[in-house]
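S.K.: Dumping what TrEMBL says about this protein:
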- 178-266: domain 'DUF6534' (DOMAIN)
- 316-336: region 'Disordered' (REGION)
- 20-39: transmembrane segment (TRANSMEM)
- 59-79: transmembrane segment (TRANSMEM)
- 99-119: transmembrane segment (TRANSMEM)
- 131-150: transmembrane segment (TRANSMEM)
- 170-193: transmembrane segment (TRANSMEM)
- 205-230: transmembrane segment (TRANSMEM)
- 242-261: transmembrane segment (TRANSMEM)
Amino acid sequence: MSDEVNAAAEYIRLHPDKTMGPWLCGGLADFLLMGALVAMFSEYWERYGQTDAWQLKSAVWVVLFLNVIRTAQTFAALWHKLIANFGDYIAAATSSPWYTQYDPLTTVVTCLVVQAFFAARLHRLTGGLRWLLVILVPAMAMALGGHIAVTVQIHYLSSVRAIALFNKTMYVGLCGLMAADLVITAALSHFLWKSKTGYRRTDSLIWRLLHVTWVTAALPCLSELLNLVVYITELGTGNSTFIFFHFLGPKLYSLSMMYTLNARQSLRSRDNTFALTTVDNVQTARIEVNREVVQFEDGRRTDGATSVKFSEIGDDHDRVRHGSRGTDTKKTHPIA
């Protein structure tokens, strides 16, 4: 057994908090966020399952399916490292089961599906996306290509030690995801800001949309930034802190998508109450309407014919009465 493997195993034994700890904490965070994602999916299906277009519902199902696979991979990796090979530091340093080798590919596909959703949303808002494609498509291609390359390298190397050997491809993948996030968020924020009209109702809605945009974009972008920074700074030290942020990425992207979809009803309901809160010193006349069934005869008036009686306008409010029935013909106009 090589000295390199022995050194890696010894480092894991001496520093479990920096090597195995991020795997455990990242896995627990993955499981917790998966529960939140299922809850938000249930809320979405209850609110919009019968009204949204099939394309949008299909995208939601795809995201949920990918996250289930991603969580299963996380569980399998933790089982392999912490249960099946408990205390075997050499296995922890060198082995990489086949079901964890496709982890980077599952991660990037999940993130790109969510980014495609936000890009389509931006296209609907702006009415066109051609000028953004020049930046957005290369960024998403970088992310996909980098993570595919990492997946292939992990498949052939099958070792945790290989992380230091494909740092360049990791840089490409992580930078591509971050660039796509920044482009979509900046473009959407710029469009919404330029859409301000000076009218209170319109600007209030725009501010709420900006709030949703920034809230949903902040956590995924911050997670990817920390993932990239920690990976660069701790590369070669043997620490696995970046794994924690790697586990968080797909769930935070998916939660941002579901939060955006579920917030639509809240935005609409708040917008519909605007007129009740912004109209000042407006008094409306009270109108009292009494309705009865009006029966039309053959055109001639009889003793039991139905007539329509219009009452005079009172001092306090207007009253309109329809269908006074009887023989009183005062201020009564028979229907002939």
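Keep in mind that glycine also has a Cβ here, set from the backbone N, Cα and C atoms.
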S.K.: Give the one range among 59-79, 131-150, 170-193, 205-230, 242-261 whose Cβ atoms make the most pairs under 8 Å with those of the transmembrane segment (99-119).
M.R.: 59-79
S.K.: Sort out the residues at least 6 away from either end of the transmembrane segment (205-230), same chain, that have Cβ-Cβ distances under 8 Å to it, and list them.
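M.R.: Beyond its ends, the transmembrane segment (205-230) has Cβ neighbours at 111, 114, 171, 174-175, 177-178, 181-182, 184-185, 188-189, 192-193, 195-196, 241-242, 245-246, 248-249, 252-253, 255-257, 259-260, 263, 267, 270-271.
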S.K.: Considering only Cβ pairs within less than 8 angstroms, which of the stretches 20-39, 131-150, 170-193, 242-261 has the most against the transmembrane segment (59-79)?
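M.R.: Checked against 20-39, 131-150, 170-193, 242-261; highest Cβ contact count belongs to 20-39.
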S.K.: Which sequence positions outside the transmembrane segment (242-261), separated from its termini by at least 6 residues, show Cβ-Cβ distances below 8 Å to it?
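M.R.: Counting only partners 6 or more residues beyond its ends, the transmembrane segment (242-261) has Cβ contacts under 8 Å with 22-23, 25-27, 29-30, 33-34, 36-37, 40-41, 44, 48, 56, 60, 63-64, 66-67, 70, 74, 106-107, 110-111, 114-115, 117-118, 121, 177, 212, 215-217, 219-220, 223-224, 226-227, 230-231, 234.
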S.K.: Kindly report the helix/strand/coil residue split of the domain 'DUF6534' (178-266) according to DSSP, in that order.
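M.R.: DSSP classes over the domain 'DUF6534' (178-266) add up to 77 helix, 0 strand, 12 coil.
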S.K.: Do any residues, 6 or more residues outside the transmembrane segment (20-39), come within under 8 Å Cβ-to-Cβ of it, and if so which ones?
M.R.: 12, 64, 67-68, 70-71, 74-75, 77-78, 81-82, 92, 239-248, 251-252, 254-255, 258
